[in-house]
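What TrEMBL records for this protein:
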SIGNAL    1-23  signal peptide
TRANSMEM  290-312  transmembrane segment
TRANSMEM  367-385  transmembrane segment
TRANSMEM  391-411  transmembrane segment
TRANSMEM  432-452  transmembrane segment
TRANSMEM  464-488  transmembrane segment
TRANSMEM  514-540  transmembrane segment
TRANSMEM  546-569  transmembrane segment
TRANSMEM  581-605  transmembrane segment
TRANSMEM  625-651  transmembrane segment
Amino acid sequence: MNSFAHFKIWVLTLCMVFQSGHGFYLPGSYPHKHGIGDTLSVKVNSITSIETEIPFSYYSLPFCKPLEGVKDSAENLGEVLMGDRIENSPYKFKMYTNESDIFQCQTDPLSGENFKLLKKRIDEMYQVNLILDNLPAIRYAKKESYFLRWTGYPAGIKIQDAYYVFNHLKFTVLVHKYEEANVAHVMGTGEAAEVIPTIASGGSELPGYMVVGFEVVPCSVMHDAKSVKNLKPYEKYPSPVKCDPTTVAMPIKENEPIVFTYEVTFEESDVKWPSRWDAYLKMEGSKVHWFSILNSLMVITFLAGIVLVIFLRTVRRDLTRYEELDKEAQAQMNEELSGWKLVVGDVFRAPTNAGLLCVMVGDGVQLLGMAVVTVMFAALGFMSPASRGTLIIGMILFYMILGISAGYVAVRLWRTIGCGDKKGWVSVSWKVACFFPGIAFFILTTLNFLLWGSHSTGAIPFSLFVVLIFMWFCISVPLTLVGGFFGAKAPHIEYPVRTNQIPREIPAQKYPSWLLVFGAGTLPFGTLFIELFFIMSSIWMGRVYYVFGFLLIVFILLVVVCAEVSLVLTYMHLCVEDWKWWWKSFFASGSVAIYIFLYSVNYLIFELKSLSGPISEALFLGYSLLMALAIMFAMGSVGFLSSFWFVHYLFSSVKLD
């Protein structure tokens, strides 16, 4: 199904959901109507752990395999990059048909290698992830007076020196009766389109149901291996199986098989199909998010006051006073100039490594645009957890398209610094297209070798590497060159004042200017650090993050703070006759990345205490470094462009020779 058809279906379904007045529809997942007795197939995803952050295939452990063989489900680029490996499973239900004591299989006797591997995965607290009708299995654990929600269930548990496996699963499937008014006649899933039959007006057709919940309770039950020798899958276990989640009874032993069973119960629920993801998306601490926003607003108000003082009291007062003087008085005043007016002949002097600055600003604009557009689409619900991998796909797609803006900004800035010279714009465009992607490719390739060595599903296959390189050089690079071409055709920005041939000596400063620059990053970090905790918890603690509305607000506030911080720092440097503001304006706001990386290290030490192994720590630090670099480029470009506008505006109002 093409994207336009998806869009039409989304609009149609969304209108019907709003018409019904119940719940909020998440694009990316469409309702299935199942008749009583219809087969429901459970799928399995990679097993995951917050102890190692390295996903592995479900069938890497000695679990039962489906009779028809293991088959991969259709996966998109985003799912593969996230380490998801969705496959079929031997769990099969019949809609609205309760079943108990279902024999699944008896594994082969555990070899020494499988025995050690299973014990290792239990020690590392690996969780088994199941999916039914696009809903992950959810497990509720009661702690004191409230319930904790977890997706998946542990593969086993260690008590003293014995290891126990959860070999019996008690499923509860929540269903809601099909209501024709709430869904369209023709729907589609992420895999195939399907016609949903409607209920006849006379009510002669049997009712249909939609899955709105999928819960699992794992149990460790002692089974008699001898009694199941002649049993076939899906037959009744010889004796009733009692599932008590508070006790464990099935220890794993080398050279002994494991018997797996399950039971399933269907319950009607009042939960509407559009609201079935609410149990997964409920994020605690909405008051904390609002506190983060109020905190950011306070920082912005403080900085805005300083900027207002600079513009109204200092700059405007000086300019008004200067314009009121006659020519002789102006000439006399030129001899008595002080502060920022003294660097008028040097303020637009080309910075050192001007080409690198243009490249970093161009890449920063591209990353900033990608972040804004992605978060906006996510806040509107287009990148929901119901459609796995769409967030990653959206980021890659928007990044490639915005290569046009990166090339345009970098080349136009290059021409402005070179006073209109078009020479070298192709080289600048190529560097923009390869600089940050090259850094990201190097980091991700290094981490991928570590995942390859661990045989993890998080490792990117070689074929996908080829696809990513193709997308880089056949889509992103040409678009960046197109943007550079338009940047070369566009008129360069004229400087309002002339630059002296001999650079002015910068007076000795009381404090190192770079110390002030890197310290300025604390203010943008102060607007972000509360929301950063929720983002880190989502990435590394397996929690679902879906408050993209809060994230969009915080991100906009962060951009405003970075612009204000850089503007204030630039003015302070000009006032002490330091005309080398170009790089300092970039790093004044870009230095927020240093504090984000330090926060990541702090999070690793204090929040991920259980993270074990050098590979897991290398993955964490590698991804954190890549995130920090992306933020440095994006926020640095915000700071530089706002400072450039400020300096140009300031000196365009002064007619000094």
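Each residue, glycine too, has its Cβ placed from N, Cα and C.
TrEMBL entries are annotated by machine, without manual review.
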Exercise for the section: Tell me, please, if the transmembrane segment (367-385) and the transmembrane segment (546-569) are in contact, taking contact as 3+ Cβ pairs under 8 Å between residues separated by 6 or more positions? Expected result: yes
Completion exercise
Here the stretch out of 391-411, 432-452, 464-488, 546-569, 581-605 with the most C-beta pairs under 8 Å to the transmembrane segment (514-540) is 581-605
Practice task
Using a Cβ cut-off of under 8 Å, list the residues of the same chain at least 6 residues beyond the transmembrane segment (391-411) that approach it.
Solution key: 76-78, 81-82, 358-359, 361-363, 365-367, 369-370, 373-374, 377-378, 382-383, 425, 428-429, 432-433, 471, 475-477, 479-488, 490, 637
